[in-house]
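S.K.: Residues annotated as transmembrane segment in TrEMBL: 51-71. The annotation ATP binding site is assigned in TrEMBL to Lys89, Val90, Lys91, Thr201, Asn305, Tyr306, Arg307, Lys324. TrEMBL lists Cys133-Cys182, Cys231-Cys241, Cys275-Cys284 with the feature disulfide bond.
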Amino acid sequence: PCTVALEPRRAGASGCCCGERCAMGTRCCPRSLCSYSTPQVLVVRDWRLGALYRALQLLILLYFVGYVFILQKGYQEHETSPESSVITKVKGVTESPSKVWDVGDYVAPPEGGSTFSIITRVEVSPTQTMDTCPEVSRGRAGSRAAARAARHGAPVLAGEKTGRCVPSAAGPGKSCEILAWCPADGRGVSESLAKMAAQLTILIKNSIHFPRFGFSKTNIQAAERSYLKNCTFNATSGLYCPIFKLGFIVEQAGEDFAELAEKGGVIGIIITWDCNLDLPGTECRPRYSFRRLDPKVASASPGYNYRFAKDYSWKGTARRVLIKAYGIRVDVMVQGQAGKFSLVPTAINLATALTSVGLGSFLCDWILLSCMNKQQAYSSRKFEEVPAK
């Protein structure tokens with residue numbers, strides 16, 4: 001664009017030099033801005049460099065074709081974390097040495113949500129009434145220690161201190177008197193419900209929705225209402241019959257049912273939806289996995305248990321039975337993703353793939369100009385200045 005009026009251009013120069021003036025008397029732009037560079041094709045007869053170049057191209061193509069486009073489906077637009085609802089129903093009866101337990105007795109909470117527990121062992125305390133009684137001490141308490149504690153009148157785990165010392169219920173010595181549900185020692189009779197608990201059935205109804213694609217589906221597809229009455233889950237023949245036996249769930253989680261029923265624990269049921277919406281909707285199927293969520297070996301508070309009371313009145317006196325329940329808590333979790341063809345991610349990944357192929361040329365050029373014996377000769381041939389005419 002600039003016209004040099006001072007002297008002819010010397011060979012090898014291009015554009016205007018710094019310090020020269022144009023015909024209009026204005027200073028020219030620097031050489032770097034007034035020159036144009038174009039790649040020069042230089043064929044190097046070296047089998048090692050050629051093999052490396054083709055190998056790099058092959059690896060880049062395999063990565064984009066095999067991993068990005070086939071495995072990761074880089075040509076699709078994706079949506080993760082579907083909207084989901086879970087409804088559960090437990091059916092069956094079990095028994096302990098003292099009674100037969102039905103769903104209303106051993107399931108908590110009864111609403112049928114995604115988290116529930118099934119009682120497998122109970123410790124039933126003696127009948128308790130609201131009264132004053134000796135506090136249960138963890139260790140042996142002397143009369144002086146009991147007197148000092150009684151003066152504070154502070155609340156304790158089982159009740160409220162009255163400020164008086166009374167004979168200890170655990171043996172010789174004194175203890176603080178408390179106002180609580182008495183007797184307060186909490187010792188009860190243990191009863192197991194595990195005899196028939198493995199045969200209890202759990203129905204899990206799951207509905208998902210991907211709002212971006214307007215796609216919805218459930219894990220139950222039955223043509224007849226009676227279908228669910230005569231089926232149980234099977235990964236091949238009964239995929240859309242989400243009725244699981246409790247023993248099957250524990251077994252799939254890799255746990256021993258008798259041990260888990262004795263101490264309690266938490267089992268997770270993970271429902272995964274991986275939907276390719278370029279295919280028919282029938283190809284979008286749920287996948288179930290099972291695992292234990294709480295630590296199997298824990299030094300503090302192992303297993304899973306909780307307490308609840310059953311209150312009643314006898315001859316005008318309020319009474320209750322305190323139950324410590326051990327059970328299997330079930331957490332149902334839903335995850336998944338959906339993908340559908342879109343031009344935007346396809347174009348982006350194709351452009352990235354074509355650009356990445358150039359990495360092989362960049363690496364081979366660096367080896368050619370830095371590591372090979374004739375690097376000076378290669379450099380002089382690759383970078384050559386041509387004067388403008």
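Cβ atoms are placed via backbone N, Cα and C, with glycine included.
Quick caveat, the model's predicted, so the values are computed rather than measured.
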S.K.: Work through the binding-site residues one by one (Lys89, Val90, Arg307) and name whichever has its CA nearest to the CA of Cys182 (disulfide bond).
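M.R.: Among Lys89, Val90, Arg307, Arg307.
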S.K.: Using C-alpha positions only, work out which of the disulfide-bonded residues Cys241, Cys275, Cys284 is nearest to Asn305 (ATP binding site).
M.R.: Cys241
S.K.: Select the closest residue to Arg307 (ATP binding site) from the following disulfide-bonded residues, measuring between CA atoms: Cys133, Cys231, Cys241, Cys275, Cys284.
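M.R.: Among Cys133, Cys231, Cys241, Cys275, Cys284, Cys133.
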S.K.: Are there residues of the same chain, six or more positions away from Cys284 (disulfide bond), whose CB falls under 8 angstroms from its CB, and which are they?
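M.R.: In sequence order, the residues whose Cβ lies under 8 Å from that of Cys284 (disulfide bond) (at least 6 apart) are Phe215, Lys217, Trp273, Asp274, Cys275, Asn276, Leu277, Ala338.
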S.K.: Least buried of the binding-site residues Arg307, Lys324, going by other Cβ atoms within 10 Å?
M.R.: Arg307
S.K.: Cβ neighbours within 10 Å, counted over all protein chains: which one of the recorded positions Val90, Cys182, Cys231, Cys275 has the most?
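M.R.: That would be Cys275, with the highest Cβ count within 10 Å.
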S.K.: With every protein chain in view, what's the tally of Cβ atoms within 10 Å of the Cβ of Thr201 (ATP binding site), excluding that atom itself?
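M.R.: The Cβ of Thr201 (ATP binding site) has 15 Cβ neighbours within 10 Å.
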